[in-house]
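*Asks:* The structure is given below, and queries will be raised subsequently.
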Amino acid sequence: FQLGGCGILGVGIWLAVTQGNFATLSSSFPSLSAANLLIVTGTFVMIIGFVGCIGAIKENKCLLLSFFIMLLIIFLLELTVVILFFVYTDKIDKYAQRDLKKGLHLYGTDGNIGLTNAWSIIQTDFRCCGVSNYTDWFEVYNTTRVPDSCCLEFSENCGLHSPGTWWKAPCYETVKIWLQENLLAVGIFGLCTAMVQV
């Protein structure tokens, strides 16, 4: 558990140093990036692991009880989050789409290089454009244009061309389908984590 925490923290720090300009898509939670999540999670796991290690080495009942209680709290929180996620899936979908559309207006602006890079990478890698469709960008630019990362074939200012040269797939649905296809792997990882905690 302790080594796992060290590994997560290490990956988080590496991401923050090497990929610092790749942040979050959310305008409401700008610090909610992969690097920050891993750093916080890794630190938390390391502290819990440290309490457990010291408790086992010293055979201290109080430390071992604290370790057990912290693990139990984390397990119950994880279970609660999973249940709430499935109960409020529709509301989460609507909120996420609204927040992402709001974040589009920060694309290419000063101080938002992380959000700009995140959108560019997603649109290029998933071959999609906008949250619901490419017309989301029309509101951002106040004209019929999209970022160059939306183009079927990338070139300078290709986003000014006709819609026939842009990706048509909506990014939100495309990424959601990709996550659902990989849900088994995520589920196995979650189950393994829960088993280790138990």
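Numbers here mean position along the shown chain, with the first residue as 1.
Heads up, the Cβ atoms here are built off N, Cα and C, so glycines get one too.
Annotations in TrEMBL come from automatic prediction, not curation.
According to TrEMBL, the protein has these features:
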type: DISULFID; residues: Cys129-Cys150; note: disulfide bond
type: TRANSMEM; residues: 37-57; note: transmembrane segment
type: TRANSMEM; residues: 63-88; note: transmembrane segment
*Asks:* Which residues, given as numbers and ranges, are at least 6 beyond the ends of the transmembrane segment (37-57) yet have a Cβ under 8 Å from it?
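*Replies:* 1-13, 15-16, 63-64, 66-67, 70-71, 74.
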*Asks:* So which of the disulfide-bonded residues is most packed in, judged by how many other Cβ atoms lie within 10 Å of its Cβ, out of Cys129, Cys150?
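*Replies:* That would be Cys129, with the most Cβ atoms nearby.
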